[in-house]
């Protein structure tokens, strides 16, 4: 040990004087360190001149030993327990569904500081580099814990909103579009698509079907024969793992189909059975509404009762039309068109039936003696006859013959009657055609028909006019 402390005065003397230092190979320390073979020492031994000009480095340390020494230094550091606690919290937040909050780590820091102060332990070591390393590691894990907390909050928010959306849009009651406790509620074991009267008419057959544990599927030929009502639905898993919905059918005559499942039978998939049944029900309920020009019976009964109660003035006001539309579940246009057609086809035949028959005949006979210049002035008729080569139809006194005048007006009368016929046909569809004429135009058409009847000398029935006497 005395020889190990001697190089310091030797280096000082070497710096002040030019005296060469003693040879190192003769010292026992050099011989002891030269025993393990190393590359650096071989260079110094082979070149004594180089060793004399440069200082000899210290002996190298094994990397594994250096690593173990660094580990021991980290383990002995005062901040290592805090670093370990933070690392465990990050592991728990990563593995489990419940994330450790950053507030809990703040509490742990306060507890650690109080404990260190009570035990009078330092927070740092004598190595500043190691202290800086420990502080940086704690900061990195702290940031990592904050990021894990944010990710966990986002995941929880997404899951909650997704579950709420599924409950809202994919609930069975919303799919069936019916209230809870209705005939199509999923709580009931059977789905009833026919009226209660049909089920009451065949109680024996229905009781036998409801107790059948296995459902029956009706072949395609049975569906093409007529109306079919589904009475019970039982889930069944067939080969391949697919879930189907076997259905027991009841025809419109009340007969229960009890055939076995044949080849090519219709199978209703479980995921689509609710929507298919609902669409079938909606189509059957709205079948009559889709027919053009046919109003519901209860609506026509309400409007007909109002019409008979106001025979003296069968013209409802706008407020009354709105009230009737609300009662009948119709539009204002449908209500207005119905009353227009009802005044023509219901009230007018009643008035005609109440009047005696000789009155129209007398009116027609009287109309033949009207002066002809109302429709065809003498000047116009005489000019037309002269252009045709004379006036063969004129009387000796210069007046116009009535037969010739009526023959001239036959074409125009026919056209007028055809127009009136087309207008009446357009109004035959109740509640579907738009209202293209008001009450004043109605009265003008009636006057036009009366004038045409007055001009016609032939029977009106020869024109083949057909009028509908019923109002749907």
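Positions of Cβ are set from backbone N, Cα and C atoms, glycine also.
When Swiss-Prot is compared with the stretches 231-290, 291-350, the one noted as DNA-binding region is 291-350. Shown for the domain 'MEIS N-terminal' (96-179): DSSP residue counts in helix, strand and coil, namely 64 helix, 0 strand, 20 coil. Taking the domain 'MEIS N-terminal' (96-179) as a whole, pLDDT averages 80 in the prediction.
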